[in-house]
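What follows is a single structure, written as structure tokens, with notes after it.
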Amino acid sequence: MTEFIPPGSLFHALSSPFAMKRGGQLHHARIAYETWGRLNASATNAILIMPGLSPNAHAAHHDSNAEPGWWESMLGPGKPIDTDRWFVICVNSLGSCKGSTGPASYNPITQAMYRLDFPALSIEDGANSAIEVVHALGIKQLASLIGNSMGGMTALAILLLHPDIARSHINISGSAQALPFSIAIRSLQREAIRLDPHWRQGDYDDTHYPESGLRIARKLGVITYRSALEWDGRFGRVRLDSDQTNDTPFGLEFQIENYLESHAHRFVHTFDPNCYLYLSRSMDWFDVAEYANGDILAGLARIRIQRALAIGSHTDILFPIQQQQQIAEGLRRGGTHATFLGLDSPQGHDAFLVDIARFGPPVKEFLDEL
């Protein structure tokens with residue numbers, strides 16, 4: 001498979017060699033990013049958005065790409081992240097397949113795809129690469145750093161590794177470390193990919209592609225991204241119409257099964273399996289406690305920013321709400337004016353993407369007060 005790069009992407013050439021936290025280095029690597037709004041003369045109105053595992057840098061439409069982005073309702077003129085006021089940057093994570101260098105990219109030294117020769121990937125690598133983009137744009141300090149899901153982890157790594165890089169922070173459905181439940185789910189996702197006979201130790205192609213493994217991995221993910229409450233409301237126990245079923249033993253029968261199948265089928269043609277493995281494992285490894293002798297609150301207290309907001313959904317089972325509470329508590333211990341907000345959204349972990357009616361107002365209020 002090839003990379004899936006949105007039109008209108010911008011690229012930053014990383015320092016070469018680019019050292020990786022867990023060993024190894026990249027040569028002539030790049031980070032894909034997109035921007036909205038205008039940077040003011042003093043370069044003090046910049047906001048950096050760090051996305052989750054699967055999104056690209058196309059958070060919203062712009063002149064070079066009119067397609068709606070994955071955070072279209074949150075970002076733009078007059079929206080909660082108001083691009084009439086803010087210069088907004090969104091990067092595609094290092095290790096992804098959406099424009100930034102990752103396992104699906106070609107190694108300039110060997111002229112072959114990295115595949116499993118790509119160095120072990122950490123959240124900190126994504127943090128360091130993103131800040132190179134910020135500095136290249138002439139920005140010394142961000143007005144705010146926003147991270148959601150995996151991006152919430154990356155944002156915390158940025159704040160730990162690059163003191164004074166931001167005046168404020170919004171952490172949305174993020175965490176300071178992976179919990180056992182989340183690690184277990186991601187372990188099953190990776191196993192589904194690796195056990196697909198077409199995976200071939202990462203050496204697949206379009207003819208022999210681990211579609212079944214990636215499809216199952218995505219289904220597991222989607223189940224954890226939403227909540228049982230939402231599934232009940234949307235699908236109940238409604239069965240498919242007779243023309244939607246087939247005679248396959250134990251095949252699709254319920255609408256929820258068909259939804260998962262359709263969602264997964266779309267995903268496998270837009271994401272590289274090896275990239276999925278690398279990014280997934282990087283989340284398992286991340287732990288703020290490593291920065292304070294095993295004390296996660298002390299690790300968070302090492303972060304020095306003026307203001308912070310941690311937001312979560314009460315129905316999130318992948319990044320449960322106590323993890324956002326923990327972020328706010330740890331930041332307060334370090335002297336940050338940090339606020340925690342738990343929202344009653346039925347849409348689980350994905351609520352920040354789809355429930356803008358609940359998540360938008362607190363983001364807008366926080367940024368308006370800066």
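Heads up, the Cβ atoms here are built off N, Cα and C, so glycines get one too.
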The annotated region 'Important for substrate specificity' range in Swiss-Prot, which must be one of 52-55, 80-83, 196-199, 320-323: 52-55
Alpha-carbon spacing, ARG218 (substrate binding site) to ARG186 (site 'Important for acyl-CoA specificity'), which is rounded to whole Å: 10
From SER149, ARG186, ASP316, the recorded positions whose CA lies within 10 Å of that of HIS349 (active site): SER149, ASP316
Rounded distance in angstrom between the Cα atoms of ARG186 (site 'Important for acyl-CoA specificity') and SER149 (active site, nucleophile): 14
Cβ-Cβ distance under 8 Å to ASP350 (substrate binding site), same chain, at least six residues away: TYR225, ARG226
